[in-house]
Amino acid sequence: MALRYLKKAPKTAATDAGETRRIVQKILDEIEQGGDKAARKYALELDKYDGNIVLTRDEIEAASAQVPQRLQDDIRFAHDNVQRFARAQRDSLRDFSVELIPGLTTGQRAIPCRSVGCYVPGGRYSHVASAIMTVTTAKVAGCQNITACSPPRPGVGINPAIIFTADLCGADRILSLGGVQGIAAMAYGLFGSPPADILVGPGNQFVAEAKRILFGRVGIDMFAGPTDSLILADSGADPMLVAADLVGQAEHGYNSPVWLLTDDQALADKVLALVPRLIADLPEVNRMNADAAWRDYAEVILCADREEMASASDDYAPEHLTVQAADPDWWLNRLQCYGSLFLGEETTVAFGDKASGPNHVLPTSGAARYTGGLSVHKYMKLVTWQRATREGARPIAEATARISRLEGMEGHARTADIRLKKYFPDTSFDLDVAK
Ligand SMILES: NC(=O)C1=CN([C@@H]2O[C@H](COP(=O)(O)OP(=O)(O)OC[C@H]3O[C@@H](n4cnc5c(N)ncnc54)[C@H](O)[C@@H]3O)[C@@H](O)[C@H]2O)C=CC1
Ligand SMILES: O=C(O)[C@@H](O)CS(=O)(=O)O
Ligand SMILES: [Zn+2]
């Protein structure tokens, strides 16, 4: 059966992409030319901030002292879970060596990137949890030089809880800069920071586009832009929990899609009735975000059965995927495209967002078709090495000479010839390509 849209979105992640690209490219170009001064200009223009950019130790201590003890304890609890999950990831990655043929030993090493730039979003909300996710994971990976940046609030600076968290998790430097200017400062090495080898962290469409444009010149974790979330629910799901979870993630921003796929029309109807009520009950900023996201980006789709639900879900490749349906193991085995999966109503996306351990920096806008979320592995380069004895080199050199000649690469072939001649002077080799 064809999917039946009970609610179809007029907008998608591609809406306004060209305009975003134009804006971001202009800011990047200006900051590359103008350095610190141009970055400061944008901090003033976009975030109404002209204060100190690189936080001093005194400023960090003063900000930390403003964070109430219980909140500090909660942040430490979340940090501990994220750290333990990241350590398990690091331990799943191992160096190895293998003798492929006698005398030829090859190997893999995982080497952490030296210099990391962590973006911590802070425009609409104060994303303390994002500081935990990016900085902690870089630290566990073994990165030596970690810079974090986050948008200052007008005239005041970064939210104190973000400063406390970035420092707790191991940031070596904190910059009061948001958006494209923050990303540019870390990529280009402004304000005395070393240029980043890799930029990580989530952000709005401007931040995500800046990372995308800079990719190649620096590494990036992935395209982690406006949050999106999909729920798979069957007739056994609790409509109130489904509706609350959709609204919970729609509050991220006016462009944060939420999608519901179900094989039960009665459930869909109840959720469709509940969502506007839950949105109306939110505080003002959250309500405005969720209202626009629901109106412009949300979809509710009726499917024939769970197989059709799973297949359609893989096409969306959502950042967050929640299953509120029977037989969680079936879904775990069947689903293939998502950033992070939440099985059963006892867990929910917000748990992963804030405290449970698996990273919340995740691929958006369909990027989950080809990548997972932020992990220790994203900060590590998997490099290879090889060494050989003269006997081990012999068959490799023979094959190399002939393959190189077949390709027309005579210079390559001669690097093999010269070794065979040196190591086996009394042997003659047929190193020509067969005519
Ligand atoms: N994919 C993921 O893993 C996660 C994604 N997010 C997403 O991060 C985003 C956070 O967005 P925000 O609250 O906006 O904070 P943000 O920190 O990403 O962006 C704020 C900055 O945007 C810049 N900006 C605002 N308007 C601009 C304009 N017209 N032109 C150029 N620059 C402009 C300002 O410089 C400001 O500092 C949300 O979309 C949220 O869904 C958040 C957490 C995780
Ligand atoms: O996209 C995400 O992962 C966000 O939902 C994380 S948070 O809720 O902003 O912490
Ligand atoms: Zn969230």
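Just so it is clear, glycine is given a Cβ too, placed from its N, Cα and C backbone atoms.
Here TrEMBL has Q249, H252, H412 binding Zn(2+), and the candidate from D305, D314, D353 in that same listed site is D353.
For the substrate site, TrEMBL gives Q249, H252, H320, D353, E407, H412; the one candidate out of T227, T371, T384, T389 that the record lists there too is T227.
Spatially close to H412 (substrate binding site) yet at least six residues away along the chain are T400, S404, judged by Cβ distances under 8 angstroms.
Across the residues annotated as binding substrate (T227, Q249, H252, H320, D353, E407, H412), the widest Cα-Cα separation comes to 56 Å. Not one of the recorded positions listed as Q181, E319, H320, E407 brings a Cβ under 6 Å of any atom of ligand 3.
Highlighted here are the binding-site residues (Y119, N204, T227, D353, E407, H412) whose C-beta falls below 6 Å from ligand 2: T227, D353, in sequence order. Here the Cβ of D353 (substrate binding site) has 21 other Cβ atoms within 10 Å, regardless of which shown protein chain they belong to.
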